């Protein structure tokens, strides 16, 4: 009998394939006294060897499909498995306590994990505790003869089912075989959802019960447009969804024709449609989808994928690659936005009660100016290779912006003096994501070259609602007049000073928000690359004068989020 | 026994990838290889041992090797330290 699961539509498209459960098996065991320690030690070594050869295989698969960097973690795991101290301690435990290998493995690794986790001033070591845990799980699975999921080894078409997908899980997924995925938790802006759109894999997140309702090998349909999954579908349902997939592909082909066009409204007003990217590798998707610029390059991925602070040269190479790849089209790079939910192993930050309201982004950059200056120098050098713009995240006050800009100017002058080649016209702007800043947008507009509205944070801070907390997710209200007023204030303030405003949050590609944003006069819309052609097709059909009237109503007459949705639907049908 | 002192210049100390490479280099030799920091010695063929020392930037450490290939071991490790930017 077919079962239907409802979740959040995370990434467009339809997938039909067998379920692959990315879920840990039961690894519980009983403590036993043994009489033949040598035989037990042999069991241990067999499990270690089996784990090692498995890791070798995973490592080679991972470096082949995903790159050397993703494969490195497995190299570290292999080194742990060969550790003479670790193995010696486990052997001693088996001999001296005459316990089974499972118990000895657990006791010894628990000891190491405890020691590493106790190093609270050293986040790098705390995270290595996670590596030991991973390795222990693998050896334990071989001792117990159960199978651990190895997503890197998937070699047939599947739909991945998981409680949540972490960055290290997604790093192991091969786009060729993973046709779709569904998770228990997460929202539209969670890591797994953003990743699914970048990889263009249909996905449903936040289904609450995918891992309990689906079993390994079940046929699953993922409908990423409507946030629905069907387990064990009937033949009719399969046929229906195959048709839907065909229509979607046809629709995409239709949009595809707009790829090389610029974006004009029905009455011939031009808007810039740009893409958000996380790494230089995303450029291909950006160009394939006909973006007119990169509106947000999240530079923190350079920091997060590394095991140490990225050097000026490493950063320069990455920025240069993007700027060159875009061939003269503008690339807006956001300086380091670490903190909040993004932590760095090699830059331990103190634990905070409210990390989203704490020491993060520009607040760190203005404190650790050594890191900030390194990044600015790398950016300045890259500016010689194309059209680069820089923006600072989490600016709350005029003073913060002035301070950051002054450091930028200082580095720029030094480079000019030293004769280093840099771009002629590097625009410097700021993210608009704190309500206090939006309220003084008219003051800030005097100093910036542009604003870029970050809606995910602006919504979270305006409604005082944690975007990761499902209990308060009803307060994620992108169309609420309160938010629209902040956006209008920002856009109007920039235009009064002859500056421009972009938007680089999820909202910029939201089909309900786009008509209003056009009406409010937003200049640049930056979104997931895969949303660009759909949005261009929508904008072609809309008249800016009508959208102005619609936006005016939404800002002045509407009382609620729902009122605005209705206004838009009535206006554009 | 061969010993040599090093001054760690890497900003992150002996961590992560460089630590793994150092352990891999040490493991190629028969000699017993030890890393000493702040009067504490660990087996340099053990990644857990090395990591548990928590060697940071500007630390002064000693590497010692004892065995038939001790000279080659010290040379190879000094080479790795330099190549990975751990010491100058």
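Here, residue 1 is simply the first one shown, and the rest follow in order.
Cβ coordinates are placed from backbone N, Cα and C, and glycine is handled just like the others.
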Matching range for TrEMBL feature annotation, coiled coil, among A:9-40, A:41-72: A:41-72
Residue A:334 (phosphoenolpyruvate binding site) - helix vs strand vs coil (DSSP): strand
Mean of the pLDDT scores, which run from 0 to 100, over the domain 'PEP-utilising enzyme mobile' (A:155-227): 87
All-chain count of other Cβ atoms within 10 Å of residue A:457 (phosphoenolpyruvate binding site): 22
Those binding-site residues, out of A:298, A:334, A:456, A:457, that come within 10 angstroms of residue A:433 (Mg(2+) binding site) at the Cα: A:456, A:457
For the domain 'Phosphotransferase system enzyme I N-terminal' (A:6-128), residues assigned helix / strand / coil by DSSP: 80 helix, 15 strand, 28 coil
Neighbour tally for residue A:504 (active site, proton donor), based on other Cβ positions within 10 Å of its Cβ: 29
